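**Student:** Swiss-Prot lists these features:
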- Trp11, Arg33, Lys105, Ala137, Arg252, Val276, Glu278: NADPH binding site (BINDING)
- Lys105, Gly133, Ser135, Lys188, Asp241, Ser251, Arg252, Asn253: sn-glycerol 3-phosphate binding site (BINDING)
- Lys188: active site, proton acceptor (ACT_SITE)
Amino acid sequence: MKIVVLGAGAWGTALAMSAAAHAACHEVTLWARDAQQAQAMQAKRQNQRYLPGLAFPPGLHVASGDMGALAADADLVVVGTPMAALRGMLERLDGCAAPIAWLCKGFEADTGLMAHEVCAQVAPRLHSGVFSGPSFAQEVATAQPTAMVAASPRATVRDALVQAFHGPALRVYASEDIVGVEVGGAVKNVLAIATGLCDGLQLGMNARAALITRGLAEMTRLGLALGARPETFMGLSGLGDLVLTATGDLSRNRRVGLLLAEGRTLAQAVESLGHVAEGVYSARTVVQRARAVGVEMPIAECVVALLDGELRAAEAVARLMEREPTVERH
């Protein structure tokens, strides 16, 4: 099976390493936009920028240059770029015959669209889906046990992802609910900023548990309003990804909350990360999309107010705690 991973960031690199490591029959190519970066990775057999010290398996080749030619010869194309770059990548891949899956999590900032909606706009002929779930790149690259979801309305896409990545260290489940999987992946990043703030302010484990639980309710309400299945949010791409991102020390979005709690500005927090924290860029869009369908998301709204500088950390906590009493809704 010929697998092409487009984008040599931490996550694209980790999945390319995973596919090459567990199946000798796979031909895996990791494509980097920068030719010098590609040459350095191929020569040194590691991604020193994002996953330093982790050696590439023998079956992994690194390339740059003509992305279209690589995709045209592939059995599966995986797009490992951030959400902001997805539209341009899909436009370049329009007409590709191979199944295509993206890894990004979020809503497109300018349009409020989910990834599959962007694809329907710019490349409707593609057989496409999303590969998502509770997974840190570092752990996937070091073959620590992980479970993910391959979601697409097309069985060919789901089957290709299972064939490419299911192995001893990575268990892949299939789902038809691409809406639910994408909503879960987008909203959990926003909620992780809130739990990072909670932990940074040392509000305690009770507060963290409340944020995760009520955050899951917000995620579910938005997903159902957009056409998702309720059971998806109890699965890997919902509850699973939320728990990991909200509590894990490798979570960039949680780290943003921790830095804000220290008194850093948003610009300082983002600069110190060195990687993309999708929750920062998708928070406003999540809230806008929720308002458009009449869904209340008080935690996400507080995160946006905090990121915009309209609330201080202590004020955000007070706003949530002083809301009118209500029945518990999911």
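In case you wondered, yes, glycine gets a Cβ from its N, Cα and C as well.
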**Student:** If you count Cβ atoms within 10 Å of the Cβ of Arg252 (NADPH binding site), leaving out that atom itself, what do you get?
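**Tutor:** A count of 24.
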**Student:** Give me the non-local Cβ neighbours of Ser135 (sn-glycerol 3-phosphate binding site): same chain, 6+ apart in sequence, Cβ-Cβ under 8 Å, ordered along the sequence.
**Tutor:** Thr146, Met148, Leu244
**Student:** Per DSSP, to which secondary structure element type does Arg252 (NADPH binding site) belong, with helix, strand and coil as the options?
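**Tutor:** SS state of Arg252 (NADPH binding site) = helix.
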**Student:** Please give the sn-glycerol 3-phosphate site's span as the largest CA-CA distance among Lys105, Gly133, Ser135, Lys188, Asp241, Ser251, Arg252, Asn253, to the nearest whole angstrom.
**Tutor:** 15
**Student:** Round to a whole number and give the Cα-to-Cα distance in Å for the pair Arg252 (NADPH binding site) and Asp241 (sn-glycerol 3-phosphate binding site).
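**Tutor:** Distance (Cα to Cα, whole Å): 13 Å.
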**Student:** Spatially, which candidate from the binding-site residues Gly133, Lys188, Asp241, Ser251, Asn253 is nearest to Glu278 (NADPH binding site), comparing Cα atoms?
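**Tutor:** Among Gly133, Lys188, Asp241, Ser251, Asn253, Asn253.
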**Student:** Tell me which of the binding-site residues Lys188, Asp241, Ser251, Asn253 ends up closest to Ala137 (NADPH binding site) in space, Cα to Cα.
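**Tutor:** Out of the listed candidates, the nearest Cα belongs to Ser251.
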**Student:** Please report how many Å separate the Cα atom of Trp11 (NADPH binding site) from that of Gly133 (sn-glycerol 3-phosphate binding site), as a whole number.
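**Tutor:** Here the two Cα atoms lie 12 Å apart.
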**Student:** Given Asn253 (sn-glycerol 3-phosphate binding site) and Lys105 (NADPH binding site), what distance in Å do their CA atoms have, once rounded to a whole number?
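**Tutor:** Checking the Cα atoms of Asn253 (sn-glycerol 3-phosphate binding site) and Lys105 (NADPH binding site) gives a distance of 12 Å.
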**Student:** Return only the integer: C-alpha distance in Å from Gly133 (sn-glycerol 3-phosphate binding site) to Arg33 (NADPH binding site).
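**Tutor:** Gly133 (sn-glycerol 3-phosphate binding site) and Arg33 (NADPH binding site) have their Cα atoms 25 Å apart.
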**Student:** At the Cα level, what's the spacing in Å between Arg33 (NADPH binding site) and Asp241 (sn-glycerol 3-phosphate binding site), rounded?
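**Tutor:** Checking the Cα atoms of Arg33 (NADPH binding site) and Asp241 (sn-glycerol 3-phosphate binding site) gives a distance of 28 Å.
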**Student:** Just to verify: the residue among Arg33, Lys105, Lys188 with the fewest other Cβ atoms within 10 Å, which of the binding-site residues is it?
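**Tutor:** Result for the binding-site residues Arg33, Lys105, Lys188: minimum number of other Cβ atoms within 10 Å at Arg33.
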**Student:** In Å, rounded, how far does the Cα of Asp241 (sn-glycerol 3-phosphate binding site) sit from the Cα of Lys105 (NADPH binding site)?
**Tutor:** 11
**Student:** May I ask you to report the DSSP-based helix, strand or coil state of Glu278 (NADPH binding site)?
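**Tutor:** DSSP assigns Glu278 (NADPH binding site) to helix.
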